[in-house]
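Copied from TrEMBL, the annotated features are:
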{"type": "DOMAIN", "residues": "65-311", "note": "domain 'G-protein coupled receptors family 1 profile'"}
{"type": "TRANSMEM", "residues": "49-74", "note": "transmembrane segment"}
{"type": "TRANSMEM", "residues": "125-146", "note": "transmembrane segment"}
{"type": "TRANSMEM", "residues": "206-228", "note": "transmembrane segment"}
{"type": "TRANSMEM", "residues": "249-275", "note": "transmembrane segment"}
{"type": "TRANSMEM", "residues": "295-314", "note": "transmembrane segment"}
Amino acid sequence: MFIDLKSSMSENPENSTSIEDLDYSIPSQDYSDFPTLCDKEQNRIFRRWFMPLCYTIICLLGVAGNLLVIATVFYFKRLKNMTDVYLLNLSFADLLFSFSLPFWAANSMADWVLGLFLCKAMHTVYKVSFYSSMFLLSLISIDRYFAIAKAVSTHGLRSKAVFLSKLSSTASWVIAVICSFPEMVYTNINNNTCSPFSNTSDHLRVGFQSSQIVLGFFVPLLIMGFCYSCIIQTLCHARSFERNKAIKVILTIVVVFLGSQVPYNIVLFWTTIVLGEGGTDNCRYDNSLLFATDITQYVAFLRCCLNPFVYAFIGIKFRHDVLKLLKDFGCMSQERFYRYTCNRRRSSAGFDTETTNSFAPKSFNPLTKELTMD
């Protein structure tokens, strides 16, 4: 067979092709045209070493502060008005999130080995806590708005205040759980990392992130902005120097909310736009977004340890109860307790917060627009 093939090739030289005649000059694919994988090693190192430390600090402060608020409320049976009910639920929401932070730290340090159930639970707890906190902060501002700016028209409803606050708090938790359903469904383990929406389409992820920005930031921001603006206008017409203290407390609440939530929501909004446009091919730009997301998310997480100080401990009466609780449990000497409370009573006379109202005066007369001292 080989002989016949050789003879046929020799008999028909015009149909034969020698090794030397083969053309190897056909242009091959230029592999430099393919996009290279984006190196995110620096981001992984940052998450592995920096983020666990941040999560640990927030966890310790959040657990200590919120447990102290909860213990004070139950020890002194302070559930006598709407604000107390909201503060208690807010502390439970922040405490719930604080307990999930060790799992966030574990997810940042190494591969996720705790299974799919805990993976889904970690992100679901975060979203339930996030939405419930934002809703409760809105309810606190609404309660203060009606208590100060609309004190006359809503005076008849104050007898039902505790019932209404418990009902609205329950509704906040239910809505928060409903808003967290996407995390329950779409959180998965991808490349040994627990992450939400890792296997979903970009359009679906854009929709979920957009709803979080609207429901978890813009709506509470509008409610708080309107309520506190009206409260400040009402207090500005009051004839007493105590109004300045009340306005400073309101400004503190607004600044803490904006400082902790605005940076993260700006980054989240921008990443949503980039994702909606199909992502980016710029590796440096992508890494910058990841760094910005990690840092601003850490700042947003600070809310769970700042809320007790902004909404509870800033109230003189509540702070007095906290110190009394520490004294009763042997964490503070009786001499130090009386020395501290006497000094605070002299420096802040007339600005009591019996109802845990952090920025209402002790006695506000809506008819005369006058702040009085009992």
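Using N, Cα and C of the backbone, Cβ positions are placed for all residues, glycine too.
Against the transmembrane segment (249-275), stretch 295-314 has more CB pairs under 8 A than any other of 49-74, 125-146, 206-228, 295-314. Between the transmembrane segment (206-228) and the transmembrane segment (125-146) there are 3 or more Cβ pairs closer than 8 Å, counting only residues 6 or more apart in sequence, so the two stretches are in contact. When averaged over the domain 'G-protein coupled receptors family 1 profile' (65-311), pLDDT in the model lands at 87.
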